[in-house]
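Swiss-Prot annotations:
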type	residues	note
DOMAIN	11-204	domain 'Lon N-terminal'
BINDING	356, 357, 358, 359, 360, 361, 362, 363	ATP binding site
DOMAIN	592-773	domain 'Lon proteolytic'
ACT_SITE	679	active site
ACT_SITE	722	active site
């Protein structure tokens, strides 16, 4: 039957690859070719109508007139969206078939003269029969083809028009491009439906064959599972009859490993029971993999292997001194342990906790202790650990379970008595998964760690031979955990210690790391001191090492760029040329005695520093003002000092009503830096007395100590850092609380020798030493 012709149209043509669009179809298209994009723009500028025509060959990038089919679909552009990659996404709806009578290419895009194709009318009853037959056949096709959703059949049942039904069925069938194009070119609905039903019949036959093959495979799998089940039953019967075959080679290998591990009785019985269980399992089962993994861990853990511990004290002392300068308390504690160990055959390993700021050598000291004692070294980083299972392990009921990191590290190191470094123990935290700090209580208790129980191993493991060393930046550690460790504080290095560390360790390491030779770079002691004072502000030596590395890099650059330079010498005079402008400064003693100005001593996180305190008295009504970012404790210290002065006003020659007629202003310079603490109490009191009496304060005197309302001087902390700051700043005389005399044992001898240190008990002694003209006429002896 020939199709009926209708009106002629002139319309832009969009070539499509591997896609045939039917009437009533709504489909998104991604357009990337420039010519096609211009075609869409032309359609959008006109009536949003476009003709969609499939290419004969999808591989053709630039199709010509002869590369397109003659029949396509006139469509309406519903939406057009330009994408960031310069392509266009367009949503189109097919309207009606059309045949091209003339196709032209104007350079921008294809334009076609076409005419709509209309289908001849068919009898209504005949159409109903065709629709019903097609739907029934398509329903059978959907049942076999699981790729088409059942909702499609629901939508087909609502279609009464035979032509639209045929197009919808064709759109959902996996037809070749040529077959889809053939359906598009059939304007006769009767012919179109018959063609599609024939294609569906062919597809149904193929799908039925595929289903039979799938059923055969399924039966084969069921047969394999049945055979596996029967094999397991057979093994059980053989076990009852005592007719088990010889164990496979793998089981024999595991048995030999168990014998070689020399496990304690409990661990051996547990491991052998698991091995017997493994023999009864299929090697390919998931449970066998779990059991095999458990046995592997049990034979890897060191149950009896030990490394020989060094007992020669002189040799061990030499090792510690070679690796680290200073740190005498730690070295003495290690040597004490070695001394006792040389006399006692069985001694529990000490549990030390090295507490100190970053960069003072806590972690490297752990390595040095291991080297000195002859133990193997193993480190476990605890920073950020928040799961108890990291310590105790996971129970084997969990998929992918493993022992805790403690047992893993012991298996890795291979001996029972290593030095185990617990790094950053203060950085642990807890959450809903448990508290790892609480799990460590058992590990670090010498009375309990003889029977440490890992959840994965499920047997006791002896940790009493392990030498645990923990490191921490602060004392912010749970009290029960802290109670189990011997805390050794590592304060910041002194200037002399930093100089020696730089000369003996850091500089040579950086010279080697930067491929320099010893004679090519000479760094004078004055340059190293300059770096310590003016380019770093720390209690450790990390920044110092970075600055030395910077010197080495600049030296390498200079040597390579200027061949005439054979070696480089760096001293205090040319240090600025290599490291730039000085970043820091340190407090220095004032050169003149001043009224109302006192030099105090402060402790900071990076060491000690000089603290200047200024006071001024002006006519007023007794207002007390304090500035300089002072904390609450320091403000209260000023008020206490003022009360002490008022109580002694008559003896000091101060008018008794000064607090009513004068305003007093106390200022501590460097106002942007917060300051707090009670240790500036005697300095505040001295400054107030000097201001009110006009008696200057000696510029070469610095002081530290808390004051009470009765005028007593109370002890303070951080004495070592404060005295080092006084020594560095050129102070000659230092006043300290009498109760801090015991702390002078920790001060370097060269610092003690250069300072005139006076322990004081009362404010009267402080004023007698600090003021230019002693108000009481008394003398106070120094500690020398």
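Glycine is no exception: its Cβ is also placed from the backbone N, Cα and C atoms.
Note that the structure is predicted; figures quoted are calculated from it, not measured.
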Item checked: Integer Å distance between the CA atoms belonging to residue 722 (active site) and residue 360 (ATP binding site) -> 18
Note to self: Among the binding-site residues 356, 357, 358, 359, 361, which residue has the fewest other Cβ atoms within 10 Å of its own Cβ?
What the structure shows: 358
Note to self: For a quick check of understanding: among the recorded positions 363, 679, which residue's Cβ has the most other Cβ atoms within 10 Å?
What the structure shows: 679
Margin query: Distance check, please: Cα of residue 679 (active site) against Cα of residue 357 (ATP binding site), rounded to an integer number of angstrom.
Written below: 22
Margin query: Name them in sequence order: residues not among 356, 357, 358, 359, 360, 361, 362, 363 whose Cβ is within 8 Å of the mean position of the Cβ atoms defining the ATP site.
Written below: 354, 471, 473, 490, 539, 540
Next item on the list: Enter the number of other CB atoms within 10 angstroms of the CB of residue 722 (active site).
Entry: 27
Next item on the list: Pop the Cα-Cα gap between residue 722 (active site) and residue 356 (ATP binding site) into the table, whole Å please.
Entry: 17
Next item on the list: Starting from the Cβ of residue 362 (ATP binding site), draw a 10 Å sphere and report how many other Cβ atoms land inside it.
Entry: 26
Check: How many other Cβ atoms sit within 10 Å of the Cβ of residue 360 (ATP binding site)?
Finding: 26
